[in-house]
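Now, the feature entries from TrEMBL:
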type	residues	note
REGION	1-32	region 'Disordered'
DOMAIN	56-335	domain 'Deacetylase sirtuin-type'
BINDING	84-88, 94-96, 166-169, 259-260, 283-285, Cys321	NAD(+) binding site
ACT_SITE	His186	active site, proton acceptor
BINDING	Cys194, Cys197, Cys218, Cys221	Zn(2+) binding site
Amino acid sequence: MSDNEHNDPAAVGIRSKEADSPDNDSNGGSPTIDGISIMLANTLSMGPSTSATREKVIADLTPKGLADHWRKNGFKKIITMVGAGISTSAGIPDFRSPGSGLYDNLAKYKLPYPAAIFELSYFKRKPAPFFALAKELYPGSFKPTAAHYFIRLLHEKGLLVRHYTQNIDTLDRLAGVPEDKLVEAHGSFHTNHCIRCKKEYDMAWMKEEIFADRVPKCTSCMKIVKPDIVFFGEDLPEKFHKSLDVDFKECDLLIIMGTSLEVHPFAALAQYPGPRCVRLLINRDAVGRLKYTTWMDEQNGDSLLYNRPTNTRDVAYLGDCDAGVLELAKNLGWEEELQELMSTELKLLDKPNAVVKQKSKKDKAAASTSSTH
């Protein structure tokens, strides 16, 4: 199974993308709509059928080749988009992995079906199961991973345009990714609001209520207080929509990690960069590929094209997310820097009453500069 989205509840619509090889015909050789459309596209000359007529963005479309290009030519405007796969090594389950996934371990809550725990209508009627689960998953019990700190390092180096995450675990914040660079597409436990009067409550208040095994109630109107996590049917945060057009116009490298690319609209972010933007997938399984692609699909960026003859810009590292970023850091000559950052920050988190929000070197330097004017 792929490293699936931790924040599955935020799905507004789901579109599956086959991760199979294009040569693997699950219909036993029978024509499919996709197969017919690709034949028509080629027959009617709707676009080039091979990569021979298209120039590669980087010469070597492998993880090592990408790192070599990065060292020599540099990427300067990087966007990261991540799902649950970057947090599983911290001990947080993803949603769909058989046996270990969250949906396979909800029987004790006696739900009508697993996804009900993240449906607003069910939550309003029976909030207790959600808050029991929230106690198990609550931020503070887990520490950031190498993947989180690699994203922090991109910020330190002035390369990070924005970090888009599906995860509600706040590990990005804990790793030191600053607020202005962070888009929590599916919300988080960081803030909480009454479902009726909208009174806001902080994380410390919510944690006290949850760990006392109480359903949090508003002190003003006595209605339920809900963490600002996006449930099924709810809109994504305004910041998600506002950031898209600005961010992706200048992006020259999109790093996709630990996500099945199945939950929309988040998954569609992979389609936003222009055709000269390199897309790097670091994920346990091959995801994001349509089984059959037309020339139009490729022009629109609808499918990742790694290991396909028409590929001009997509690179895939198929394996553990932490292993992927550590290998990338090594190939970039950043390995020692990343290990030092992780060691320093994790020691800080081990201290009693550790300050969650640490200022990065880059932020401190900016503050120092501004104070001299």
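Quick reminder: no glycine exception, Cβ is built from N, Cα and C everywhere.
Nobody curates TrEMBL annotations by hand; they come from automatic prediction.
Values in this document were obtained by computation on a predicted structure and should not be read as measured data.
Recorded features from TrEMBL, shown on the structure.
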{"residue": "Ala84", "record": "NAD(+) binding site", "DSSP class": "helix"}
{"residue": "Asn167", "record": "NAD(+) binding site", "DSSP class": "coil"}
{"residue": "His186", "record": "active site, proton acceptor", "DSSP class": "coil"}
{"residue": "Cys194", "record": "Zn(2+) binding site", "DSSP class": "strand"}
{"residue": "Cys218", "record": "Zn(2+) binding site", "DSSP class": "coil"}
{"residue": "Thr259", "record": "NAD(+) binding site", "DSSP class": "coil"}
{"residue": "Arg284", "record": "NAD(+) binding site", "DSSP class": "coil"}
Nearest-integer angstrom distance between the alpha carbons (Cα) of Cys194 (Zn(2+) binding site) and His186 (active site, proton acceptor): 18
Lowest local Cβ density among Cys218, Cys221, which the record lists as binding-site residues, within 10 Å: Cys221
CB-centroid shell, 8 A cutoff, Zn(2+) site Cys194, Cys197, Cys218, Cys221, site residues removed: Ile195, Arg196, Lys198, Lys199, Thr219, Ser220, Met222, Lys223, Val225
Predicted model, mean pLDDT over the domain 'Deacetylase sirtuin-type' (56-335): 90
Candidates Ala84, Cys194, Cys197: member of the binding-site residues with the richest Cβ shell (10 Å): Ala84
10 Å Cα neighbourhood of the residue listed as 'active site, proton acceptor': matching binding-site residues from Ala84, Ser87, Asn167, Cys197, Thr259, Arg284: Asn167
Distance [Cα-Cα, Å, rounded] between Cys197 (Zn(2+) binding site) and Asn167 (NAD(+) binding site): 26
10 Å Cα neighbourhood of Cys218 (Zn(2+) binding site): matching binding-site residues from Ala84, Ser87, Asn167, Thr259: none
Cys221 (Zn(2+) binding site) and Thr259 (NAD(+) binding site), Cα-Cα, nearest whole angstrom: 39
Neighbour count (Cβ, 10 Å) for Asn167 (NAD(+) binding site): 26
Greatest C-beta neighbour count within 10 angstroms, which of the recorded positions His186, Arg284: His186
CB contacts for Ser87 (NAD(+) binding site) [other CB atoms within 10 A, all chains]: 28
Rounded Cα separation (Å) that holds between Asn167 (NAD(+) binding site) and Cys221 (Zn(2+) binding site): 30
Distance, Ala84 (NAD(+) binding site) to Cys221 (Zn(2+) binding site) (CA atoms, angstrom): 35
